[in-house]
């Protein structure tokens, strides 16, 4: 595809960028950093950086994609700074230990999650709970999970950002996934079973146990 | 984590199986690891559930809102009016100082 050479006029008035892309950038940032204030700061930095670098925009990708790429780097920088402030306790604390007995068997066996969030409203609600569960995790574990699962970084990149070895990252990912699934089982799937049986006659209930299989 | 050399299909406990299940999300498992995990799953429903749960969470998180594809229609999030104005102001200042150069 042939694109016209980039110039300022093509990109329009920078103030309009804010109206056109601001909300979408904020959404992207909020879902990845969790905190609204931080997300707004990152969006602001993104627009300013985009303005300074606007002549580098080469039209090979959509302008929106280019903005997201800048925002993604800002988010990663944020994680990197965050990682430096973390006092890590990998060695002494094994958060997963209570989940198993001395023979390596489950103390509370994982349940069969019969339904998975399928509809818009459910997904949104599910995501809120994921967020809440991540907030309860030790920060260094939540960070590992977010970097890896929110499409921000590869395993290699994530370990560099966190300032740890890939092996260590793998341990953190393991612990974060185990704590997260345990939290979700309590907060989402447990209440779901209760509310579904209580409200089985209520058709407006978003819970449809048994409708979607978890595998 | 466990010593991998001691890993065998027949002595994999649930803890080791759960570690392998997590690692399989980040790297391809070796042949022995794959076999051990598969055999363990056959005899262990809780670990089977665990693996399904890992995948459920991954899928759910992967369907998060990306900006140009709104999954999150329920509650769309927007920049606050103050922030919007502040950014516009900053951009205008930047473009004025740019022209002055």
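Counting starts with 1 at the first residue shown.
Cβ atoms are placed via backbone N, Cα and C, with glycine included.
All annotation found in TrEMBL is predicted automatically rather than curated by experts.
The shown structure was predicted, so the numbers you read here are calculated from the model rather than taken from an experiment.
Annotated in TrEMBL:
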- A:18-85: domain 'RNA polymerase sigma-70 region 2' (DOMAIN)
- A:128-179: domain 'RNA polymerase sigma factor 70 region 4 type 2' (DOMAIN)
- A:195-215: region 'Disordered' (REGION)
Tally of DSSP helical, extended and coil residues in the domain 'RNA polymerase sigma-70 region 2' (A:18-85):
59 helix, 0 strand, 9 coil
Just give the helix, strand and coil counts over the domain 'RNA polymerase sigma factor 70 region 4 type 2' (A:128-179), going by DSSP.
42 helix, 0 strand, 10 coil
